[in-house]
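Q: Quick paste from TrEMBL:
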BINDING   Asn13, Trp14, Lys15, Gly181, Ser221, Gly242, Gly243  substrate binding site
ACT_SITE  His105  active site, electrophile
ACT_SITE  Glu175  active site, proton acceptor
Amino acid sequence: MGSVTRKPLIAGNWKMNLDHLQAVAFVQKLHWTLKDAGHEHDTVEVAVFPPFTDIRTVQTLIDADKIPFALGGQDLSTKDSGAYTGEISGAFLKKLDAGYVIIGHSERREYHHESDADVAAKVQAALRHDLVPVICVGETLEQREESGPTAVSVEQLKVALEGVPADADVVVAYEPVWAIGTGQVASPEQAQEVCSALRAVVAASLGDEAAARTRILYGGSVKSGNIASFMREPDVDGALVGGASLIAEEFAAIVRYQKHVGV
Ligand code: PGA
C-alpha cells in the first residue's frame, strides 16, 4: 500500500491567529513565495484553515487571483441551521467554497469538551454538505504510557467513522497531543506506527479501496526541518501544521519538502 496514488496534502491550521487583513497579506505572500520557487501544485496540495471571520476574504482573494489553495474551516456545527448562537453551519462553509473542515482537533476536545460522539456527529454534518472532514485523533502522554501508542487514536477514529459510507472522502490527521505546539515532535517511526494503525481502521470501517486512497496526515510541531523525514514514511501523506503555518517562508518550505537537501 504505497503512497504513490495519494496526493500529499500540506494543511495550515491558523487556529485563532491572523485577522482578515493579516490573512490577505499572508495568503498573497505565501502564493508569491511558492510561485517564485516554481512550486507545482499538482504535486502537493496546499490548504489553509483560517478563522471563520477571514474565510470570506480569503475566498475572494483566492478566487480573484486564481490562487490554487484549498480552503477549510477549523470546526463546524453538528446542526445545519437554527437557534444555535455562535455556531457555524457546514452549509455556510460550503457556500464560501470551503472544501475541508477540521473536526475533533485536540484543542476542541480539551477546551470545548468535544466527545468522540460529537466528533462523529460533526463528520456526518460535514459529509451532508459535501465537505471533506479532516478528522483529528491523538493521545496524551499519559494515555500513551497507559495504553500504548495506537489505542486511543484507533478508538477515536473508529467512532468518527461510524456510519460513514465507503465512498466518502475523508482525511485523517494523527496529532499526538504531547507534540502539539510543544516543539516536542514525534519521531517519524512513531508517526508511521500510528498512521499505519489508522489506515487499518479505515480499511476495517470503509474497505480496502478507501484505505488505499485516504490521506493520513501527521501533525504536531512540524517544521521545514523535519517534514521530509515524516513524508518518507509510507503511511504519512501530508501534515497538519499549526505554528509553522503562520510564517509564509516557513510554510512554503514545508510545502516544498521534496526539494529539501537530502530528500
Ligand atoms: P503545531 O500545531 O504545528 O503548532 O504543533 C499542530 C496542530 O495543532 O494542528
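Residue numbering: from 1, along the chain as shown.
Cβ coordinates come from backbone N, Cα and C, glycine included.
TrEMBL: automatically predicted annotations, no manual curation.
Buried or exposed, and what's around them? Tell me for each listed feature.
A: Note: Gly242 (substrate binding site) has non-local neighbours Asn13, Lys15, Ile180, Gly181, Gly219, i.e. same-chain residues 6+ apart with C-beta under 8 A of its own C-beta. DSSP classifies Gly242 (substrate binding site) as coil under the three-state reduction.
Close to His105 (active site, electrophile) in the fold, though at least 6 residues off in sequence, lie Asn13, Gln74, Asp75, Cys136, Glu175, each with a CB less than 8 Å from its CB.
The local packing around Glu175 (active site, proton acceptor), expressed as other Cβ atoms within 10 Å of its Cβ over all shown chains, amounts to 29.
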Q: Would you count the other C-beta atoms found within 10 angstroms of the C-beta of Lys15 (substrate binding site) for me?
A: 18
Q: Would you say which of the binding-site residues Asn13, Ser221 has the most Cβ atoms within 10 Å of its own Cβ?
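A: That would be Asn13, with the most Cβ atoms nearby.
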Q: Please give me the CB contact count at 10 A for Gly243 (substrate binding site), counting all chains in the structure.
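A: Step by step: centre on the Cβ of Gly243 (substrate binding site), count other Cβ atoms within 10 Å, giving 17.
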